[in-house]
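Positions annotated as ATP binding site by Swiss-Prot, on the basis of sequence analysis: Ser28, Gly29, Gly30, Val31, Asp32, Ser33.
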Amino acid sequence: MMTYQEIFNEIKNKAYFKNHRHVLIAVSGGVDSMNLLHFLYLFQDKLKIRIGIAHVNHKQRSESDSEEAYLKCWAKKHDIPIYVSNFEGIFSEKAARDWRYAFFKSIMLKNNYSALVTAHHSDDQAETILMRLIRGSRLRYLSGIKSVQPFANGQLIRPFLTFSKKDLPEIFHFEDSSNRELSFLRNRVRNNYLPLLKQENPRFIQGLNQLALENSLLFQAFKELTNHITTTDLTEFNEQSKSIQYFLLQDYLEGFPDLDLKKSQFTQLLQIIQIAKQGYYYLKKDYYIFIDKFSFKITKIVPKTELVKDEKMLEYDSNLCYRDYYFSFMPKSNEDQGQVNIPLFSLSSIKLRSRQSGDYISFGHFSKKIRRLFIDEKFTIAERQNAIVGEQDGEIIFVLVGDKTYLRKACKHDIMLAKLYIDKLEKG
């Protein structure tokens, strides 16, 4: 066990708070965060900072409200601002974590805190590494938790990360009974797996932390050795060995944290880049990769930007120009008059428009969302933006996209009453 002064002596040279004046402390009420709160309160003058407290009441235990009340009382007694949020929704580890960090971010932005400080220590680091090993995470994610990383409008700082739980002083805190519930993987790792592994190797936790450190150094070295390579330049990228391409692409994807590709999706993406076939390819979560003759880039397209908000009504026995096409809604004829000829079973007006969210077309025994049709057929963003949907009597009767036309499957006993002729207008 260490004293706060000893902890301060080790932390001060790391200059965690050099560029910060107002820092927000995430406090759950457990022994780790209470130690962090007391430590930063005692040494805030020497660190030249002012602190605030952020607490999330998850409302999962009967003690939660009394813990919140205690922290409010402590903050008032010590003249420290405190911010509290009550979790809402269906509880899960991930949902709770997302709620906490969204709350912390909002408080930082609203109240000009430039740093969020959490009480993670080396035992947490070891637990995280083991959990990621169990889940089959990629090598780069075995670097574990970073002591400093960007967050909100500033940084997320973990000053206790080099200390173990046993280094922290005994202090008043609340015991979270849910920490013993084995339905959570972290609790199984902490209470079951790690104790057994430490019986085999008493220094197992130190070994995991050393693994994380060496892994971090390995990837830092890789970045330094490849920083002369422009990853998105197809010529440069394809001059590299397959193994270097693999890690270059992983590095590039670090810039898109919410893309979160699975291993199989990553492999497919790498193959697309290696083939270098020009065009737009959908990835996930509205992300696309665009490949031209010389380079590639990943971009996020907001679905609404795919929609051009204009529409026209085409009446029976009339014609009009819409986008790059000439449409004629005419009585049925034995002769086909247009480049595209669509049989019609109603004389109601036809609405010509862009795709809208939720649009689908019936192909008889099954229907398909038009968005999924675009993805499956690998149409480019430009082709999707210019696609034309024909709607009659509240149903989509055709989709014109790229150089293809997709027709609704008519019922067996429908009687053809008219035809829609479509011709592409020549430019010039």
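Including glycine, each Cβ sits where the backbone N, Cα and C put it.
Known features from Swiss-Prot, placed on the structure.
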residue: Ser28; record: ATP binding site; contacts (Cβ under 8 Å, 6+ apart): His55, Val56, Asp176
residue: Gly29; record: ATP binding site; contacts (Cβ under 8 Å, 6+ apart): His55, Glu67, Tyr70, Leu71, His173, Phe174, Asp176
residue: Gly30; record: ATP binding site; contacts (Cβ under 8 Å, 6+ apart): His173, Phe174, Glu175, Asp176, Asn179
residue: Val31; record: ATP binding site; contacts (Cβ under 8 Å, 6+ apart): Lys165, Leu168, Ile171, His173
residue: Asp32; record: ATP binding site; contacts (Cβ under 8 Å, 6+ apart): Ala119, His120, His121, Asp124, Phe160, Lys165, Leu168
residue: Ser33; record: ATP binding site; contacts (Cβ under 8 Å, 6+ apart): Ile25, Ala26, Val27, Thr118, Ala119
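Each residue in Val27, Met34, Asn35, Ala119, His173, Phe174, Asp176 lies on the same chain as Ser28, Gly29, Gly30, Val31, Asp32, Ser33 and has a C-beta within 8 Å of the C-beta centroid of that ATP site, without being one of the site residues.
Under the three-state DSSP scheme, Asp32 (ATP binding site) falls in the helix class.
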